[in-house]
Structure formats: structure tokens, C-alpha cells
Amino acid sequence: MQLKGLVKIFAIALILICLYQLSFTWFVRSHEDKMEERAGRWLKANFKTPEQKYAGNKELQALYADTLSSLKRTRIQRLLDSTKNEKIVLGLGSYQYAKDQELTYGLDLQGGMNVTMEVGLEGLIKSLSGYNRDVNFNKALASANQRKANSGADYITLFAEEYKRLNPNANLASIFASASNGRIKYQSSDAQVLDYIRTEASGAVKNTFNILRTRIDKFGVTQSNINLDENKGIITVELPGVTDPERVRKYLQSTANLQFFEVYNLGEIYTSYQAAEKSLASYLNGTAVKDSISNQNDSVANKQDTAAVAKAPAADTTKTATLSALDSNKTAKTPAATTAKNENPISSLMQIIQPQQGKDGQTQFPAAIGYIQTKDTGTFTSYMQLDLVKSKFPSNLVFMYGKPESDDPKASGILPVYAVKTVEGAGTMAKLEGEHVSDSRQDYDERGRVAIKMNMDKVGERIWAKMTGDNIGKPIAIVMDNIVYSAPFVNGAIPNGSSEITGSFSLTEAQDLADILKSGKLPAPARIVQEQVVGPTLGQDAVQGGTMAFVVAFVIIFALMLIYFNTAGWVANIALILNLLFTIGILAALGASLTAAGIAGLVLTIGLAVDTNVIIFERIKEELSRGKNYQLAVNDGYKRSYAPVLDAHVTTMLTALILFYFGLGPVLGFATTQILGILLSLFCGILISRLISDWYTNKNRHFEYFTGISRKIFKHAAFKFIEYRKIAYGISVVVLLLGIGSFFNGFDEGVEFSGGRSYTVRLDKPAKHDDIMNSLKKEYGEYPVVKSIGSTLQWNITTSYKIKETGNNIDSLVELKLFNGLKNYLPQGLTYREFDTRYKQSSQTVLPTISDDLKTGAKTATVVSLLAICFYIFIRFRDWRYSLGTIVALLHDVFVTLAVFSFLRGVVPFPLEIDQHFIAAILTVIGFSMNDTVIVFDRIREDSRLMKNTDKGTII
């Protein structure tokens, strides 16, 4: 063996590095166990046990136990925070340093939230066009949004196709030239415009990623992880241990679009308001309306409006001026009320806020123009977007809703309505944008309310000073993501660039919002398209199940190597142990997380690592059977095993790399572990085992490769594969035909491919399948897919309810309906919060757009794997028949696997779904099938050279 010394040095160095890296995990676990013990003693000293506090009441005991568990977790975290600088690594390294270096568990093992976000480009394209109002341009964007849900093409391509379809003779340069600062000329081709958009989009995606990373750093979750896939425009976020998914959704998806608007008061637009009301009433009543737009000077119109509203009576005298009265106005509509609604369609939705008489006798208008119920905002917005209504108002006016102004629960559904002034011709742009905010922090205002204080940069200071100076005695609306948080009146010019947002914030909301503002505005909004939440209970079950599978596989293979290969089995086992040490140690060094899928990859790595030594040892046994001495047999055994071992690893590596490229989420963990395991299998299986064998034989000793059992097994094996091939064909045809027959019943697509929301829940009482379906249909209006998981207490529930709707509260609404539908099978009096933490074990959300991408990626990955392997076989063996045989063999193995999968659907006590994990399994089957095939091909090629006068059938 050449370079023996270098291999020895490298192996020793790798052992020391891995032991050093894994030592941090031991030190951290030891310290955390001590803190947990201290927290347990504190809890025992200060609180009664559930049995002592609620003797005989099991339900209250369970709820109290949850409270104690939460208190203990909080206490542990406080202890860990207080000792983060304590030296725990041999008096040298602190707990915090060791924590950063330890091998971490993935979300599926410790619980937490995994989010896949897609960067939306519609708003960016509108911005690049200068918010162009071209009808076909805006229609093309809307059509591209609709097509994106069912297309694998990128959004920019879809937009270009739709624009050409709507306006074949126009070029895109006319849309983007004026706002591009000279980067696009009016004579630029569509290809040049699309290149410009893609360049800007790529930069926006990177900036969005960087801003999200900054936000996550401020979120306070330890060992969080965020990754960007630039090719797909997808950002994946892992947040271990989070217990409030709704807060995470809001935190990540907020665009932080902070704006400062001047405001129209009611007096300035009252004439426009009346004209719009009259025009809309005529339109709704079917009366022809002549759309006349006043060309009068704005200043004159404003004076007339002010006078008109000062004299006008209340626009809707059936309503009082109080918010609670507006909220209580939910009685059945009388004929008179219906008539009033037809005549005053806007006033019937929005209650006008009347001006007050000031001390100086001047009319004072509030910042908002009226109040509206949340349930009416959709209708109001649709009215305001009608051309016949918009034309009556100033062209730079945009209506926006504010936050509820009252803490009274009865008035929580009442929103103020503001008429803000945008920059003329620039869409919804404000005079002062949030990009000029240099710092923000949570604070309190002079009345002790939670507030957010902000400071601006030099440019912002100048704009803010002029803006406040021009609006003394008038309000300025402070808007975040198109919601008016406050609209304070200006008492005087503010030259130092300071401002404040007040509203009905909780302390946590204000802290989150301050962090978001400090991180910056997202250049392109990112929305969650796939989400997985794993509770700590299910995570613990996954740890135990994965550990058990790993230990059982390891022990069985360890024992079999000794039983079959005698003392030589120790060589393989030492190589196997080092392989696992190196794999886990390198994962820790790279900062990767160990996931349940990663443990599956480790189990497969064990098989692959042992496979290498089995091939080598069998060849050594063959050389010994031919009468060679041990030294020569070992040398020839290794030499003649290199080709099949290398070919087997290359083909398996190809499928692992393809899986890594196309995979998302947990599948990436599987692929990463497999790739690392394959590389280390070559190093340990060939170099380390050869190093051990040479060291031992150089001392005039040798390993035994036979046992009493292995001498007899396969010694006279002469199975006539070619002669009996027709029997094998027949068996395969029967299995495949039965499988194809079962295919007509279809497969159960996992939520990753079908889109929807999937929940794993544990009930308190046994339930029947149909009862759960019927109970949930009352909530969702449609039957969900319900599957039991091993018992009548644990169920998987998948629904497509509101999956195409967007909004921060949609997930919470769907989960609330899930809770309501399952109440009959849960403890009486259980709250939604308790259900969320105790009984909802995991959840997963996949929007249709990403599910189509995943489905396309899965198909592509499978086809590319087959083609890549066949291409490698063709290059390696220089014969197209080997490639053809490979294709047939692999297709056969894939279809047989699908057939068995289809047969067992509905038979086994757990769901069998086609999802990313299934595709990973299929690609693994392809890899390992090719592993065996290529070993046979290598031997056929070798024997063909040695047995030139023997026919192919005999050789095979």
C-alpha cells in the first residue's frame, strides 16, 4: 500500500478532530442536565405536585402538569442564560461557546418550526415600472399570478408571456424605460428588458435573504438556520424550539414597509365624497351615470368641501357616534334600512366622523374620516376601486384602514378609515419612506403606553423637518404595511428626525416590530409556501425511534461480520466505527443538524460501509481458495476489488447528489448524510481497513476470513441464472401486472405534492374514522383526508381548506376549526392554546405553487438519476448493452417497489403516501440496486477478458 504514512497521519488527525468536536456536545449535555436538576429541585421546593394540588381530578392534574412543565422550561432557560459565560470545557471554553460548537438536533428531533419562503416578484416588477398604470401591464401581472399556481415556469417568464398575449404589438421597454434611470432605452428589446428585471430580481432576493437573516438573529432563537437557494428564489428557515408559530409567521412575512403620509381631512374631500356616493348609488341601482370629472382648481374645491361638510348633517343618522354603537348595529335590515343602503352605499358601510368646533371657533377635523366594521372592509375596498368612484376623488388619494382605537372587546372589529396623500404618479409611495429610518426601539410614550421610537438618517431628517413644518396643525399618518398605526397632529417642525409609533401593541409585538424596522424593509415580499411545525413530544418519539433503529442495525451488522468473516470481521467493524465517528464529527464541525432523515442516512451508510468490506473480503477468500498465501491473497483481493467498489460508490453518489440538488427540508439532511457517508466509506473501507490488514500481516500474522458457517455457504454455489431466467421473468411480470392493476386505484399523495395543511394530533378518547370526518366537515365545509397512525388515538388529518388564500391569520383560522371539530374527543374545558401545545403534535403547510415545484422536481430527479447512471455505465464499460440492461433493471426495481407500496396501502397501520421521503427512498433503491448491478457487471467484464473462449451465458 502506497502513501501509508500519509493515510495514517490523516486518519489520526481526523480521529482527534472529531473527538474534539463531539466533546462539546458531551460538555453541553452535562451542563444542561445539571441545570435541569437544579430547576427540578426549585420546582419541587416552591410548588405542589399535581396529585397534591388536585387530588382525584385527572383533567386538572394534566393541565396543572403542563403549567409546571412550562415553568420548569422557563427556569431552565433562565439558569442557562445566567451561566452562558461559565467555563465548562476543562476550565477553558464557556457554555455559550460550547453550545455554538455542539452537534445539534434537527427540528424533527427536538421540535420547532421549519419554513420555506418564496420571494414574491409582483411588487418588485411594479416598482421597476414606476407603478405604471397600463391596463395590459397590470392584467399580465394578475394573469401571471394565476398561472404560477399551476406552472413550473418562473414568474418573470410567465409575466412576459402574458403581456405579449394581451398586447402582441407592444414592447416591454415602453413600460420600464422611464423609471429605469437610463438602464432601459425605449428601443431596448424585450430580451434586454427581461434581463434587466431578472438582474434586479436576483438582487432583491439576496437583499430579502440578508434582511430575514438579520431579523432571525434578533428573534432570540438559539441555533437557528437560514439558507438561500438563488436558482429557485426560495429561502428556508429553521427555528428550533419555537412554541408560537403565529408570531413567527407574522415576524417573517412582515414587509416592514414603513411610510409617512400627509392626510386629507373630511372637509377637503367632502364634495368628492358626495359625488362618489351619488355616482355609486346610480350604478348600483342600474341608472346610467355620466362620469363627469371636475376640472376645478384643487384649492377652490377644498374650500367648498370644507364649507359643505361644516354645514352637513350626519351622513347616516341611524348610527350613533360611538364605536360600541357601530359594533352593535347588527340587527336585521328593515325595508327603510335597505332603501338607505341603496341610496347611500358608502355611508351605509362607513360612519362619517363629524368635525368639532375648536376654542378659536375654527372647524377641527380628525385625522380619520370615518369608522368601518372589519367585515365591511372588503365591500368598501371594492367600491373604492371602481373607476366611477376613483374619478371623483383626487388622483393621489388612497384609502387605508387603521388599527382598532379602543381596548373595548366589543369595538375590536371597528377600524378607522384614513384618506392619505401619495406622491402624484408614483402608486402608493409616500413623501417619506421607511428606508430613511436608521434606528428603532421599543419604548413608552408620555401616557405610559407601549410605543416604538425611531430616528432617521440625514436625508430623512431633511424630509421630515419640511414635512412636519408644512403640516403644523395637521395629522401625518404613520403607516406600516398599508395599516395606519397612528396619525398624530403636528405641533411644530421636527428638525432632529425623531418620531414615534403608538397603537394597541403588546410588549412582545412592539419589540418584534422595532426589530423588524431596524432590520429594514424587504425589497421583495416573502411569503410562506411550505411550513412544518413539530411538537417536542413527537420530536422525542422520533429521537427514540431513530436511535433504536440505528442501534439495532449497528448491532446486527457488527455481529454478522464476526459470524461470517471471523477475525477479519474486526477489521470491518473498526472501519465501520471510524466511519460513524467521522460522519457525525464532520457534521458537527460543519454546523449541520442531525435529523430523523439524517439518522436514516446513517443507517444506510452502515450498510454501504460494510458492503465495501464484504466485496473486498469475498475477493480475498476467493484468492485464498485458489491456493495463494495470505499476503498475496490480501494484495490481489484489494487490487481486484477497487473497480467494483469505486463503480458502486460512484453510482450511489450520483443519486445522492441529485437528491441533494432537488430536495428540500428534511430530504436535504438525508442526502447530506448519505454523501458524507459514501465518501468516508471509501476512505475507511479501502484505506483504513487496508492499513489495519497490512499492520497485522507485517507481524507475520494474518486474519481468518472463514468460519465454520461461511466455509459451507456458497462454496459450491452454481445457480444457473441464465437457464432459469424465464422463471424470474414470469415472477416479475406477475408482480408488475398486479401492481399496475393496483395503480388504477391511485396513490395517496402526501401534502407536499397535493398541497394543503396536514396535522398530526393525539386525542384523549378513541375515535372512529367516519366520525372524525363528519365532525370536521361541519367546520371546513368539505371532507378532510383522515388516517389513523397505529391506534384510534393518533390521527393524521389533511385539508385543503383556504389553502389558496393568503394572510397572516389564515393558518390560525384553519387550526381553530380543527380544534372545534375535535372537541368531542378532547378533555372537557380544554382551551385552544392547550390543544395547540399538548394535542397537536405536528403540522405541515404546503401551498399549491410549491407543491407543483416539488412534484416536478421529484419527477426530474428520478429521470435525471436514471440517465446519469446509464451515461456513467456507458462510459465505464464502453458498451451500450450494459446501459440498456441497467435501465431495464432499474425500471424493474422501481416498478416492483411501487407495486408493493400500492399493495400494502390500506393494509399496514400507518399512511403510505407519495412524498419527498418516498422519492428519497426510490432514489436510494436506484442507488443500491445499481450498487449490486455494477459489481456483477465488473465481474462479467473481468471474466470475459480471462475466459475468452467461454460463451457469454456461462460467464454470466
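Each position is counted from 1, following the chain as shown.
Glycine is treated like the rest: Cβ placed from N, Cα and C.
Just so it is clear, the model here is predicted, and its values are computed rather than measured.
Copied over from TrEMBL, here are the features:
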type	residues	note
DOMAIN	206-263	domain 'Protein translocase subunit SecDF P1'
DOMAIN	431-524	domain 'SecDF P1 head subdomain'
DOMAIN	526-697	domain 'Protein export membrane protein SecD/SecF C-terminal'
DOMAIN	839-949	domain 'Protein export membrane protein SecD/SecF C-terminal'
TRANSMEM	7-28	transmembrane segment
TRANSMEM	542-563	transmembrane segment
TRANSMEM	570-590	transmembrane segment
TRANSMEM	596-620	transmembrane segment
TRANSMEM	641-662	transmembrane segment
TRANSMEM	668-692	transmembrane segment
TRANSMEM	727-747	transmembrane segment
TRANSMEM	857-875	transmembrane segment
TRANSMEM	882-904	transmembrane segment
TRANSMEM	916-937	transmembrane segment
Whether the transmembrane segment (882-904) meets the transmembrane segment (7-28): three or more C-beta pairs under 8 angstroms: no
Ranked first among 7-28, 570-590, 596-620, 727-747, 857-875 for CB pairs under 8 angstroms with the transmembrane segment (542-563): 596-620
Leading contact stretch, 7-28, 596-620, 727-747 vs the transmembrane segment (916-937) - CB distance under 8 Å: 596-620
Structural state census, the domain 'SecDF P1 head subdomain' (431-524) (DSSP three-state): 29 helix, 35 strand, 30 coil
Taken over the domain 'Protein translocase subunit SecDF P1' (206-263), the model's mean pLDDT: 75
